[in-house]
Each structure stands twice: as structure tokens, then as C-alpha cells.
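Beneath this line is the structure, given in C-alpha cells, with notes to follow.
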Amino acid sequence: MSDFTAQTTTEPREYDAGFGDYFALLKPRVMSLVVFTALVGILVAPGGVSPMIGFTAILFIALGAGASGALNMWYDADIDAVMKRTAKRPVPAGKVPAGEALTLGLWLSAISVAMLGLATNWVAAGLLAFTIFFYAVVYSMWLKRATPWNIVIGGAAGSFPPMIGWAAVTGDVSLASVLMFGIIFMWTPPHFWALALFLKKDYNNAGVPMLTVTHGRTETRRQILIYTILLVPVALGLVLTEVAGPVYLITALVCNAIFLKGAYDIWKRDEAMAEADGYAVEKKVFKFSLLYLFLHFGALLLDAIWRLI
């Protein structure tokens, strides 16, 4: 981060940022998952909440997620500039000054936490504040560059939204919200390691110690299978709570069987096989992992609607 910042401060540049560039700082793709899982947390929580309070909670949870994204893009500008997948992001692409990304992230952090606390309760606001801190400071500034287990520990940051949504309604944390957290937490490693299998060169060039870089692809394949196996009981465990019904049970059984099969297929392959078909299996599993979370949380939403009928 320091090298990139030094470059941007010592060499005058012409910035040509539009609204879309500033919006991109908020990582809208990541935000969509945050909003959806937080919304499910709100809608399945007991007691219910008025539509206005629910909308307000989602708005400020989304802003908090966007704040995390902006702070991450500010700090990771040097890494993003090297990686093909991220080189076109607003800061490394020269669209938005790094200082503006930092300022935007800090302001949105303060506003989102304060307003969520005032609109709902300070338990939810405290969880949001911790999430922003964990992602921007613990993960982005430390774990990501320090350990191959960065996404295992750092995955906690992306796992909090349903718990925050739940707390916005109930003012507390329950087993159901912990299990919703756990699903995302255990899903994160196999999801990102599947990506890292076919983007190893990118991470290596950027100096990011992903597991594929430090331990090799063979060990990464083994860890994908291990974490996918560990994910299954967490996902199915939610059936034992009040929020999951028949739609979730069927969805979880089918999705986890597919994900397990994909993880097994990745594990049994060697590099010659993967290179021969352009990492087709790894890419297929990565794409399915994106669908996996939406299907699980969508099923919870359908069960909640079913109970109202």
C-alpha cells in the first residue's frame, strides 16, 4: 500500500472519476451478497420488524459493507494494480485518488454504524462496527499479506451480515444466527481456494500468500475437500432451529451433495489433468459455490414465507 500511495502523492495525476467509479469502490457485487443475507436474517428473526425499520437496517448494513470495500481498495491498491482480476478497480486504474477512497470509507463507516444504532439497536451497530474493523484492519492490513490462512480467519468479516440483520430485529444473538454465520464462514475457504487454483500466478505476482502459493495446489485441493466436509454439518444443523423448514432441508441436502461431489472431483485431480482442460472443474465448482449461498439463504426466505401462509 505504501509504494502505491507514495506514487500517487509524488506524481500529479489527472483523475476522471464518475459516479460509477465511486460506486465501484463499494464493491457492489460483494454488497449484493451482504444485503441478501442480512435481509434474510431480518426476515427470519422472531418478532418481526416494521418495513421502514427493516429497509433502514438494510440500507445502513449495505453502507457499512460499502465502507469496508472502499477501505480495502484504498489499502490494497498496490496489490490490485498487479492482479489482472483487480487492475481495473477505480484506485489502481487511476480513476479515484487513494485519499478519496480512504475518506469515503471512513465517513461511510461512521455514518452506517451510528445510524444503524439509532434506527435499530446498539447490538446490531456494534456487530457492524466490528465487521468493518475486522475486514478493513485485521484482514486487509494484516492477515491477507501475512498468512496463507488469511481467508479462513478473515472469512469471519463476510459472515456477520445475517447475524447483524437478526440482531437488528431481536437485539441479541441466537443459535440460528450463529449457524447462519457459520455457513458463510465455512463456505468461504473452499470458495476462494477454488478461485485461487486457477489464479495462482496472479496471487504469486502480487505477493499474496494464498494457500496455492505457499503450500501448492495439491494441498489446496485437499483443504478444499476438508472444509467442504466441515461445511455440511453446519449447513444441515440449521434444520434443528426454528428458522429452517422443508424447503431449506431439501435445498441443503441437494446443494451440499453437489458441493461435496465438486470438492471431491477437485481433490482427485492432478495438475496435468487441470491444465489439460483449463481448470474446467475448478471453475465449475467456483461458479456453483456462488450459487450455493444464495440457494441456502433463499430457501430460508421461502420457509419464512411458507410459515406466514
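Every residue gets a Cβ built from N, Cα and C, even glycine.
Predicted, not measured: the structure shown is a model, and the values here were computed from it.
Within the same chain, residues 57-58, 61-62, 65-66, 69, 120, 158, 161-166, 168-170, 176-177, 180, 184, 242-243, 293-294, 297-298, 300-301, 303-304 sit at least 6 positions outside the transmembrane segment (30-49) and bring their C-beta atoms closer than 8 Å to a C-beta of that stretch. Under the heading transmembrane segment, Swiss-Prot lists 30-49 (among others).
The annotation transmembrane segment is assigned in Swiss-Prot to 53-75 (among others).
The annotation transmembrane segment is assigned in Swiss-Prot to 98-118 (among others) on the grounds of sequence analysis. Within the same chain, residues 4-5, 8, 17, 22, 25-26, 56-57, 60-61, 63-64, 66-71, 73-74, 77, 90-91, 124-126, 128-129, 132, 136, 164, 168 sit at least 6 positions outside the transmembrane segment (98-118) and bring their C-beta atoms closer than 8 Å to a C-beta of that stretch.
Under the heading transmembrane segment, Swiss-Prot lists 123-143 (among others), citing sequence analysis as support.
As annotated by Swiss-Prot, transmembrane segment applies to 151-171 (among others).
The feature transmembrane segment is assigned by Swiss-Prot to 178-198 (among others), with sequence analysis given as support. Tertiary neighbourhood of the transmembrane segment (178-198): same-chain residues 37, 40-41, 151-152, 155-156, 158-163, 166, 210-212, 217, 220-221, 223-224, 227-228, 230-231, 234-235, 237-238, 241, 243, 259, 263, 266, 274, 279, 282-283, 285-286, 289-290, 292-293, 296-297, 300, selected by CB-CB distance under 8 Å and a gap of 6+ residues from either end.
Taken from Swiss-Prot, the feature transmembrane segment applies to 224-244 (among others). Away from its own ends, the transmembrane segment (224-244) comes close to residues 44, 46, 174-176, 179-180, 182-183, 186-187, 189-190, 193-194, 252-253, 255-256, 259-260, 262-264, 266-267, 296, 299-300, 303-304 of its chain (Cβ-Cβ under 8 Å, at least six residues beyond either end).
What Swiss-Prot records for 247-267 (among others) is transmembrane segment, and it gives sequence analysis as the kind of evidence.
Feature annotation from Swiss-Prot assigns transmembrane segment to 285-305 (among others); the stated evidence is sequence analysis. Sequence-distant contacts of the transmembrane segment (285-305) (same chain, at least 6 residues past either end, Cβ-Cβ under 8 Å): 33, 36-37, 39-40, 43-44, 162, 180, 183-184, 187, 190-191, 194-195, 198, 235, 238, 243-248, 250-252, 255, 258-259, 262-263, 265-266.
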Beyond the flanks of the transmembrane segment (151-171) by 6 or more, those residues with Cβ under 8 Å of it: 30, 33-35, 37-42, 44-49, 53-54, 57-58, 61, 65, 68, 116, 120-121, 123-124, 127-128, 130-131, 134-135, 138-139, 143-144, 177-178, 180-185, 188-189, 192-193, 210, 297
